[in-house]
Amino acid sequence: MASSSLHFFFFLTLLLPFTFTTATRDTCATAAPDGSDDLSIIPINAKCSPFAPTHVSASVIDTVLHMASSDSHRLTYLSSLVAGKPKPTSVPVASGNQLHIGNYVVRAKLGTPPQLMFMVLDTSNDAVWLPCSGCSGCSNASTSFNTNSSSTYSTVSCSTAQCTQARGLTCPSSSPQPSVCSFNQSYGGDSSFSASLVQDTLTLAPDVIPNFSFGCINSASGNSLPPQGLMGLGRGPMSLVSQTTSLYSGVFSYCLPSFRSFYFSGSLKLGLLGQPKSIRYTPLLRNPRRPSLYYVNLTGVSVGSVQVPVDPVYLTFDANSGAGTIIDSGTVITRFAQPVYEAIRDEFRKQVNVSSFSTLGAFDTCFSADNENVAPKITLHMTSLDLKLPMENTLIHSSAGTLTCLSMAGIRQNANAVLNVIANLQQQNLRILFDVPNSRIGIAPEPCN
């Protein structure tokens, strides 16, 4: 049985993907520094991560541009989810050589005795999977889950009802012996893996969740797999949210820290207790073709006091085409359908009113930082909710501090040109609350540090 009540929530410490030079306490300790039941989360590139590169630039814009270089893979992946009926091989991922995806990771423990795993949080995925011992093509055998070391590990048979919930099944049509539930999937736009459906004990802070189901990756290829797997927070039956409904009531929220500090941290809360009381909600829309994605009804965008003219076809939710707007934790820069972005950009440039603009990486509207004080705020209008983005979520500065850029972009033409994505850069220092049973999402300002 789980060790906490239905209303238990936990705090997950989130950090930024930067190099740490000093520390006032042991930030890599498994337990929370204050002795609470918080479950620690660390940045995938930080010193506490086993995947941290030797050298990481501390420049905010360099870090953002580096992470945003993976957005094209992410958008291709999201596009594949909503473009028509999903194919058997059109979901999760694995890679072997290079990390291209995942900005925040959570420390979770699996097995008996518990093995510490660092798993990427993904709101647009409904699966939980990780590389297991003996995986061919996985990035590092030392970071894999050792199934032989867990006394509570077990496989799931093809004959079980749960096996039918996995996409890309490869179970034999007939077999004299019960076969292990196996499947093939893809993720991130350029990666694929084969896995077995298994069960083991999942430990989240003090909560012990027996018989938790997840994909145990046996072989992988491509460039998009988080080295120790993924923790899907979508609405599908195999996600963390769905498998822990009796414990956390299908409610979770997160507050992502700003990219402007070495030490800022944020939190992820699971369950009803501790969620903000003063928060405004907008309905969640459900796409039956891909129910895991968290769609919202974006009705318009204002730049300053001007609501920009946009053809409703680029904002209207359409389950058949996948059109609409989603909130996603894995994309770095908010992307709009090109006509929507151009309308926002042109009005923004008009109000900034400088003689010329330059381009920097993914950003095409950069100007002298001396004119930053005239930059207008951008408001996203949703049903029953107007989200006025803080300036730190709208502008980003060059390494030298001489340029300021509008930190949004259009969707490239060969991606799904009708899917708008509200990304993590624009979600920072906001509490984003997902209330799945009541089909709503709440947003409120909150300092996430």
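Every residue gets a Cβ built from N, Cα and C, even glycine.
For reference, Swiss-Prot has these:
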ACT_SITE  ASP122  active site
ACT_SITE  ASP328  active site
DISULFID  CYS132-CYS138  disulfide bond
DISULFID  CYS366-CYS405  disulfide bond
DOMAIN    104-444  domain 'Peptidase A1'
CARBOHYD  ASN140  N-linked glycosylation site
CARBOHYD  ASN148  N-linked glycosylation site
CARBOHYD  ASN184  N-linked glycosylation site
CARBOHYD  ASN211  N-linked glycosylation site
CARBOHYD  ASN297  N-linked glycosylation site
CARBOHYD  ASN353  N-linked glycosylation site
SIGNAL    1-23  signal peptide
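Across the structure, ASP328 (active site) and ASN353 (N-linked glycosylation site) place their CA atoms 32 angstrom apart. There are 22 other CB atoms within 10 A of the CB of CYS366 (disulfide bond), with all protein chains counted. Residues near CYS132 (disulfide bond) in space but far in sequence (CB under 8 A, at least 6 apart, same chain), listed by position: SER144, PHE145, ASN146, THR147, VAL198, CYS216, ILE217, ASN218. For the pair CYS138 (disulfide bond) and ASN184 (N-linked glycosylation site), the C-alpha distance works out to 15 angstrom.
Computed over the domain 'Peptidase A1' (104-444), the whole-number mean pLDDT of the model equals 89. Spacing of CYS405 (disulfide bond) relative to ASN353 (N-linked glycosylation site) is 14 Å (Cα to Cα, whole number).
Between the glycosylation sites ASN148, ASN211, ASN297, the minimum number of other C-beta atoms within 10 Å of a residue's C-beta occurs at ASN148.
In the structure shown, across all protein chains, CYS138 is the one of the disulfide-bonded residues CYS138, CYS405 with the greatest number of other Cβ atoms within 10 Å. DSSP classifies ASN148 (N-linked glycosylation site) as helix under the three-state reduction. Cβ neighbour counts within 10 Å, taken over all protein chains shown, single out ASN184 as the most crowded of the glycosylation sites ASN184, ASN353.
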